[in-house]
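Here is the structure we will look at, set down as C-alpha cells.
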Amino acid sequence: MKSGSMHGYPSYGKAYVPLFVAGLIGVIALVPTSVRQLQNVPGLPDMPVAVLAALSMLQPLILLAISVAVGTWLAPRVGLTSLVADKATKGEPFWSRLRPQMPAAIVFGIAAAVILPLLDIFFQPWLPASLAGGAPPRDLSFTISAMLYGGITEELLLRWGMMSLLAWLGWRLFQRGREIPGAAVMVTAIVISALLFGIGHLGAVAVLAPLTPMLIIRTILLNAVGGILFGWLFWKHSLEAAMVAHAAAHVVMTLMALVLAALG
C-alpha cells in the first residue's frame, strides 16, 4: 500500500501550497509560448502582447487553484499519492521514494513520445491543409515550456484534480463498501480524465479547421493516449512519477525531432 492517510493530509495547507506553487511555475513558463502565438493572431485589442499573454494565463491559473484544492482533499482518500505533499505534511522522504519509480516513469514517457508521432502520421491523410504537416518546431523554449506546463501543471489539473475527483465519485457511488476504490473505478477514472483532456482541445482545433469525424477522433486520441499512460503511473506509483513521464515524453519528442531534422 502506498504511503498516505486515507483520511486526508495532517495539514491541508502544507500539502496545498507546494503543489500550487509547482503548478504556478508551469503556468508562468507558458507565457513566452503564448506571446509568440498571440503575435500571429489578427485583430487583437490595442494593448501590449505581453499583457494579453498574461491575461490569457488567468484561466489556467484559476483551474490550477481549483484542481489542487480538489486533489489535495480527495486524492489521499482514494489511495492516490503525492510525494511532495507527503514530504510537506509528514516529513516522508522524497528522492528515496521517487527513485524506484523513475524507470517506469521514463519507459512510459518514451512510449508516449513514440506512440503520439506515429498516430499523428497515421492521421495526416485526413487532415485539412491548415493542420497538415505535423507539429510545430520543437525548439528549446518550446520544450522547456512543455516540460513545465505539461509535466507539472497539466498533471495537477488532470491527474491530481480531475482523476482524483472521478475516482472518488466512482468509489462513493459504486464501491462504498471498500476502503479505497477498486481497479474498475480507478481504470475508469484514468480513461475518462484522459478523454476529457482530449475533448477539451476540440475548441482550439476548431479555430484552425472545421471539425470532421476523423479530426475529432485524432484530437481526442492524441491527447488521451498520454493521459492514460500517465494516469496509470499516478495510480500505481505517485503524482510525481506521472509528472516525470510527461516531462520525459516532451524531451524525447524534441530529441526525435532534432534527429529527424539532422537526417533530413
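Placed from the backbone N, Cα and C atoms, the Cβ positions cover glycine too.
The annotation domain 'CAAX prenyl protease 2/Lysostaphin resistance protein A-like' is assigned in TrEMBL to 140-250. What TrEMBL records for 12-31, 51-75, 104-127, 147-171, 183-209, 215-235, 242-263 is transmembrane segment.
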Query raised in the report: Out of 12-31, 104-127, 183-209, which stretch has the largest tally of CB pairs under 8 angstroms to the transmembrane segment (51-75)?
Result: 12-31
Query raised in the report: When the pLDDT values for the domain 'CAAX prenyl protease 2/Lysostaphin resistance protein A-like' (140-250) are averaged, what is the result?
Result: 95
Query raised in the report: Taking 183-209, 215-235, 242-263 as candidates, which has the most Cβ pairs under 8 Å with the transmembrane segment (147-171)?
Result: 183-209
**Report entry** Residues from the same chain, set at least six apart from the ends of the transmembrane segment (215-235), whose C-beta lies under 8 A from its own
**Finding:** 80, 101, 104-105, 108, 111-112, 115-116, 119-120, 123, 126-128, 131, 155, 158-160, 163, 186, 189-191, 193-195, 197-202, 205, 209, 241-242, 245-246, 249
Query raised in the report: Are there residues at least 6 beyond the ends of the transmembrane segment (242-263) whose Cβ is under 8 Å from a Cβ of it, and what are they?
Result: 98, 101-102, 104-106, 108-110, 112-114, 116-117, 137-138, 142-143, 146-148, 150-152, 154-155, 159, 226, 229-231, 233-234
Requested in this report: Run through the domain 'CAAX prenyl protease 2/Lysostaphin resistance protein A-like' (140-250) and tell me, per DSSP, how many residues are helix, strand and coil.
Outcome: 95 helix, 0 strand, 16 coil
